[in-house]
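Novice: Shown below is the structure under consideration.
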Amino acid sequence: MEFLKSGIKTVLGSTEPGQQPSAAETVEKLVDRVYSSTLLEDRRDACRALKALSRKYRIEVGAQGMPPLVQVLQNDGQDAEIISYALDTLCNVVTSEEFDEEADNPTVSVNVGEQFTEMFIKTPEHVTLVMGYLDEYDFRVRRAAIQLITSLISNKTRELQDLILVSPMGVSKLMDLLTDSREVIRNDVLLLLIELTKGNSNIQKIVAFENAFDRLFEIVREEGCSDGGIVVEDCLILLLNLLKNNSSNQQFFKEGSYIQRLSPMFELSQDAEEVGWSPQKVSNFHCLLQVVRALVTPSNQQQVVAACQRVMQKSRLLHALCEILMSSGVPADILTETINAVAEVVRGDRDNQDELGRVMAPSSPPRPAIVVLLMSMINEKQLLALRCAVLYCFECFLYRNADGQRAVVQTLLPSSASDVSALSTGQLLCTGLFSTDALANWFSAVALMHSLVENVALKEELLRVLLATPGGQKPITLLEQCTNLMQQERYRLQSKVGLLMLLSLWLAHCPGAVKALLETQGTMAYLTAQLCSNEHDEREFLVQGMCAFLMGLCIQFNDNSLPGQKREDISQLIIKRIGQESFCSKLAEVSRHEAYSRACKQAQIRAKSAGELLLDFEYCKLYKGLEALIAKLVSGFDVDGIELTELTLSSEASALVSQYKGIIRGMDAQIQALQQSSKELEQENAELKEKLGEEQSLKAQLLDQNTLLKAQLGASTGQVQSAQGAEATPPNEEELNAARYQANMYFAENIRLTKELETLRQQLSAEKQSADAAQDSLAAMQKDQEDLLELLADQEAKLTRYEEAGSTNTLPTSNVAPSVPAAGGGSPIPSGTASR
């Protein structure tokens, strides 16, 4: 510290005894020295002093010293030492971290670095100036420039990304630094690129096309792959930034055979269990698994996901992940993330699902991996994150896998019990469903629910499942046991939510299940009591909403085969005991709950605590599709619920009704034709949109390649012009001509694609107009049909009133009507017959 003080005195000169200048005065003198000194040595000493003061007096140095430091960068580029001082000082001023020297300075705010960053980048040329010093090979200058740009990006990411994009060869300069032989420079550039590529797809594409994947894999290999240090982690984080939510880079990664280069990194050594997992290896493996998931996450384009899943199976990456699943000594967080990765690799791919189904755990006796995972899921001693991951993996294993769903249900049927002592998926799910652990109840109910998704035949099969009862009594069905558990007071709310989800998905589109539920004793009374209760707890509101939804399913999918439990009977029960408005209000409580908004976002189950596990993605999808229909159905019933039939009408009224029905049938035929036409137009519209998306993606790739070619062309032109008048050698001229020709070809292709894109847009617009016209016509026809139905109802009501009035007026007089002599002296004819 004394050396620092003596250095500053050397620059500023000695002061009078007893007069200690303030920090602001000291900085002001140093700034004046930088501005006014003609000797380079004096300016260099002043910059060195400013750098020393910038850690403790950041505000003073930043407020006064930024303009002279920029001036140094502009004018003294030939001296590497003064440039390094200027860059280091600016880096200290704009950094977001707090220095130990300024910890006791109350004037330094938390975001002071961000404020100085904003001041610095107000002039875009400042960033270009700093970028220029990346070409300087001197270690101090290059590293200081990299660190300054990194600090600027971390403070103002979006603004710096835009400035670097327009900077000449900006991204290319940064990518070239990855090949620097000095590891410190290379590692700092990795940190810079991590900040630069966050959330900017254009920069991500440029970095990827600058051969980033090859360079990153080379660095990872040199550093020891997953057993390497923190540099490996930085490379994988950058790789993750390039792939996440970027379909172009994902396609490029797949087509470049980089997935095959990931597979060896997941192979564990023979002595891995003995050596153990270091904290850095855990971090590296976690990043590797996130890279895999970035390629196959369900939010990606479906064709990209399917292609990556096939490659992962062929390259044995899935096999390596399954080996990790079954290995011992794997840390819990790595095991959890591996289960999530396996889940997304197999989701919707039958070959991958079959391979996972064939994996056997190294136990005695050997058991399928799925069974071992389910054992962990229903074990309350396991970590919550691990149990959630197992459920997600089981859901993905059953997703669009009818054979897998059937295998689960078959293990519950009596005829499938070939080995009573062997554990099966069905037995484990029933064990969890009837456990005393509420979380195990919820997990098992959701898992069993997913074995029924979009499979009505299995819903019918599951009705045949019988459960033994204590005391040798008559066995009861699984559905009956679920309703019994739901009605028990000791059954916790989370368990009830799981059962309500299972029953709702079971009943949807399955009249047989609805009939079985209505036949169970006390179920409808319990649901009615739940809806009539006045609870004020948010979770009780959710249960009431789910009970209303289950009751609505009993109306919607009721085949009217049970006397006293028909659609009209249940509707009258709702109207008289609950009320239509109250029922619809409680039905809507599900969508108002925060658990609904969480579950709707994604299929993966995420929860910080066990209490957050309430609703599942598939249940929310079912509720979203049927809620409005059920509300409309219940609201449409009258209090009396009496419907007129054609048998109660006269011949004239029946003829009128038949006429109206004929009109309605004709309108129905027209509506169906319009709906079919609308579906065809929508399908054609979807195909055009898909084709348009492909063209836009191709255009984006061509634009990226065009940008690179422009950059290469500019670099080639600069090399030719800097040849100091010497004639260009034939190879350079040929390369330049080839580059120009290729650029022209890309320009022409770009123009062609633009025209084709415009044509597709016009076609899409025309199809949309046609679809809108069809929709308008359909709406008009539906309105006419509704008007006719209302008119028909009015006519029927009038006819009924007329018939009642007529019967009241004519019946008494017909009993006393006199006889009229018939012509020719025949027998008398009653007046009623004569009138007819």
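Yeah, the Cβs are placed from backbone N, Cα and C, and that goes for glycine too.
Per Swiss-Prot, the feature region 'Disordered' maps to 1-22, 803-836. Taken from Swiss-Prot, the feature compositional bias 'Polar residues' applies to 12-22, 806-816. Summarising the annotation, Swiss-Prot assigns repeat 'ARM 1' to 24-64 and lists similarity to another entry as the type of evidence. Taken from Swiss-Prot, the feature repeat 'ARM 2' applies to 65-124. According to Swiss-Prot, the repeat 'ARM 3' annotation covers 126-166. If you look up Swiss-Prot, you'll see 169-210 marked as repeat 'ARM 4'. The repeat 'ARM 5' feature in Swiss-Prot is assigned to 211-256. Summarising the annotation, Swiss-Prot assigns repeat 'ARM 7' to 316-359 and lists similarity to another entry as the type of evidence. Residues or ranges marked as repeat 'ARM 8' by Swiss-Prot: 368-413. Summarising the annotation, Swiss-Prot assigns repeat 'ARM 9' to 424-463 and lists similarity to another entry as the type of evidence. Annotated repeat 'ARM 10' per Swiss-Prot: 477-518, in sequence order. The feature repeat 'ARM 11' is assigned by Swiss-Prot to 523-577. Summarising the annotation, Swiss-Prot assigns repeat 'ARM 12' to 579-636 and lists similarity to another entry as the type of evidence. As annotated by Swiss-Prot, coiled coil applies to 663-707, 744-806, with the evidence given as sequence analysis. According to Swiss-Prot, the compositional bias 'Low complexity' annotation covers 817-836.
How buried are these features, and what lies next to them?
Specialist: In the repeat 'ARM 1' (24-64), the DSSP tally of helix, strand and coil residues is 34 helix, 0 strand, 7 coil.
Across the repeat 'ARM 3' (126-166), the model assigns an average pLDDT of 94.
Beyond the repeat 'ARM 4' (169-210), the same-chain residues lying 6 or more positions past its ends with a Cβ under 8 Å from any Cβ of the stretch are 131, 134-135, 139, 142-143, 146-147, 149-150, 153-154, 157-158, 160-161, 219, 231, 234-235, 237-238, 241-242, 245-246, 248-249, 252-253, 700, 704-705, 707-708, 711, 714-715.
Long-range contacts of the repeat 'ARM 9' (424-463) within its own chain (CB-CB distance under 8 A, at least 6 residues past either end) are made by residues 370-371, 374-375, 377-380, 384, 387, 391, 394-395, 398-400, 402, 405-413, 477-479, 481-482, 485, 491-492, 494-495, 497-499, 501-502, 505-506, 509-510, 512-513, 516, 610, 613, 616, 618-619.
Long-range contacts of the repeat 'ARM 10' (477-518) within the same chain, counting only residues at least 6 positions beyond its ends with a Cβ under 8 Å from a Cβ of the stretch, are 412, 430, 433-434, 438-439, 441-446, 448-449, 452-453, 456, 459-460, 462-467, 524, 526, 539-540, 542-543, 546-547, 549-550, 553-554, 557-559, 561-562, 565, 610-611, 613-616, 618-619, 622-623, 626.
In terms of DSSP helix, strand and coil, the repeat 'ARM 11' (523-577) has 40 helix, 0 strand, 15 coil.
Below 8 angstroms of C-beta separation, residues 205-206, 209, 247-248, 743, 746-747, 749-750, 753-754, 756-757, 760-761, 763-764, 767-768, 770-771, 774-775, 777-778, 781-782, 784-785, 788-789 of the same chain, each at least six residues beyond the ends of the coiled coil (663-707), sit close to that stretch.
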Novice: In the same chain, who gets a Cβ under 8 Å from the repeat 'ARM 7' (316-359) while lying at least 6 residues past its ends?
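Specialist: Same-chain residues near the repeat 'ARM 7' (316-359) but 6 or more away: 259, 262-263, 266-268, 272-273, 276-277, 282, 285-286, 289-290, 292-293, 296-298, 305-306, 309-310, 368-370, 372-373, 383, 385-386, 389-390, 392-393, 395-397, 399-401, 404, 407, 604.
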Novice: With DSSP as the yardstick, break the repeat 'ARM 5' (211-256) down into helix, strand and coil residue counts.
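Specialist: Split into helix, strand and coil, the repeat 'ARM 5' (211-256) gives 37 helix, 0 strand, 9 coil.
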Novice: Can you tell me how the residues of the repeat 'ARM 9' (424-463) break down into helix, strand and coil by DSSP?
Specialist: 29 helix, 0 strand, 11 coil
